[in-house]
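Here is what TrEMBL says about this protein:
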| type | residues | note |
| --- | --- | --- |
| ACT_SITE | A:D131 | active site, proton acceptor |
| BINDING | A:V15, A:G16, A:E17, A:G18, A:T19, A:Y20, A:A21, A:V22, A:V23, A:K38 | ATP binding site |
| DOMAIN | A:9-292 | domain 'Protein kinase' |
Amino acid sequence: MGLSAINKYSKAKKVGEGTYAVVFLGKQVQTGRDIAIKEIKTGQFKDGLDMSAIREVKYLQELMHINVIELVDVFSAEGNLNLVLEFLPADLEMIIKDREILFSPADVKSWLLMTLRGVHHCHRNFILHRDLKPNNLLLAPDGQLKIADFGLARSLGAPNEDLTSNVVTRWYRAPELLFGAKHYTEAVDLWAIGIIFAELMLRVPYLPGSDDLNQIDVTFQALGTPTEDNWPNVSSLPGYNDLKIYPEPSRQELRKRFIAATESALDLMSGLLQLNPAKRWDTEQALLSNYFGKELPVPTKPENLPKLTKKE
Amino acid sequence: MAADYWTSTQRMKWQFTRDSLKNTRLELIKLEKSMEDSNLISKIPMDYDIYMRIYIHSLINKLGRRLNIRQIALSTAEVYLMRFLTKVILKEINLYLLVTTSIYLACKLEECPQHIRTIVSEARNLWPEYIPHDITKIAEFEFYLIEELDTYLIVHHPYKTLLTIDEVLSKRQKFNKPQLNDDDNVNDNNNTNNNDNNNNNNNNVDADDLNNKRITSFLTPEELQTSWSIINDSYVTDLLLLYPPHIVATASIYLTIVLKYTHIQQLRLEKKNSNGIGTNDLNPNQFRYKNDESLQNYINFLGYSNIDLEEVIEAVQELITLYEAWESYDEVKCKKTLEIVLLNRS
């Protein structure tokens, strides 16, 4: 037992810097394996370790799944905590933006399947990710998709515990969060997956609100304004006021917006984008849906998925 | 609660056998000896024995109560402290700083973070000689603590299993005896009352936790509270370093039901001896019927449950030993020893 020694790893170059960490590329000396090292800034030593860092360590030490980023090791050096993570050279956002790549429906299905599997594993362990977006879905050299960035993750709250609604990057935020709900569930992650699914089909962000207010408008313009009829008690949520009432889109309208989508793809997307979180599909329903079960094409094998055309 | 206990780091990395725990502690004692010999630490004896552990338990609860911290976070803090002291000698560190830091870190983990200044100032109110003004001392100690925990931070507690077992037993009871519904109504009333309370202290928060989950219940509210308190006490012992949390939960219910059962048996005997005076007030027959049966139900459940009963028995014994030791616990003595060692007072 005990933390590893620093000399088991070599740091090559700095590749990124966030609010609480600096990321380096490096190698595991003994095996030559490529790895990423997230050096957590503790230099200021004011409140101790940042909450995001705590959450990341806390959950990644427990979760083990092919579609969740692997925490290979942890070591401390010069008073800093270093997370050794598997090396993941690309993310889904980069792939979506790479105009030279063509997606086949089988590719989209494959990425969505891996996302749902990873999130299913989190939910099975009562962990909400709370920040799903293409940028946090990383891609391994062998094509496997890995859910990363658990800095906002938390355990499903107890019934009397308040949660903050200030989670999830705006474009992927579920309606209950837009309304400022203090109690919510795994359903917030499924909404985000629904939006990611739409983005994979459209190749542009589906509901790009310019600010929090505009996000509400953009969301309900596309998917209809929730009412007491389809979502009992929605009007008692703190942010439910002064809403423009938009009708729910007809199936025909959805077909027009998502031209290439099959009927079962639309079924799945609509299930994930149910306004009422109680009616929204969970990971199991999604994974067992016809889109994955009965309908062709079968998902592309991860190793055959398109890769970035230009190297950075 | 997050993640599955069976695949958890608690089970894979932080669970000892009796032997491995004993050896780990023997190593520590050897280390202590050699540090004493080279004058690195005080030679005055101070053991991490059951009395010291009761004292530590009381420190955690004192600071926790001051800050109104949820029970679950305090229990996590106690486990951190217990794990830490399998690696570090008690005499080597400032215990009061360790207590404060464990609570500080556990609150972050259980998503009820406390402001570092608040916790330092409350700890200073309680233990001014031991807690420095400088908040960075806590931040530094937190880093040290995380290192010694090998960065495995999620702790699985017996509380949730307690509620689950209660639920399972109530279903079995309902299935067997539908006429027990009256009891359920009583509990429902309790629920509404408790929910109206505004969580004045951490006990109430826990009671709310309990009652929200409990539509129907096998244990009476008092029995449930007793089991809950026994679990709180179990953090004085090594139980959570040795066994899965459900073993502790099972043992706590066993102690609750059996203790109460023997208590009532005794009452009944006393009644008989005093020639039946006052029997009507207590209606012992009703008591008897219900308690014999719940004991029987619980024993049946244990039989079918696949729970490792040998471990349960060991846990029960450990808890009884704890309560016996508690009788002869002397707080002043522990406090004094720490004063002598940490402050060089005599």
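Even glycines carry a Cβ here, placed using N, Cα and C.
Small disclaimer: the values here were computed from a predicted structure and weren't measured.
Using a 10 Å radius centred on the Cβ of A:D131 (active site, proton acceptor) and all shown protein chains, the other Cβ atoms total 21. Cβ crowding, taken as the number of other Cβ atoms within 10 Å, peaks at A:A21 among the binding-site residues A:V15, A:A21, A:V23. On its own chain, A:T19 (ATP binding site) has A:D50, A:S52 as residues at least 6 apart in sequence with a Cβ closer than 8 Å to its own Cβ. A:A21 (ATP binding site) is 17 Å away from A:D131 (active site, proton acceptor) when you measure Cα to Cα. For the domain 'Protein kinase' (A:9-292), the mean pLDDT of the prediction comes to 93.
Note: the ATP site is recorded as A:V15, A:G16, A:E17, A:G18, A:T19, A:Y20, A:A21, A:V22, A:V23, A:K38; in the same chain, A:E39 also have Cβ atoms within 8 Å of that site's Cβ centroid. A C-beta separation below 8 Å, combined with a sequence spacing of at least six in one chain, links A:E17 (ATP binding site) to A:V23. The secondary structure of A:A21 (ATP binding site), as reduced to three states from DSSP, is extended strand.
Residues A:V15, A:G16, A:E17, A:G18, A:T19, A:Y20, A:A21, A:V22, A:V23, A:K38 are recorded as binding ATP; their most distant pair of Cα atoms lies 14 Å apart.
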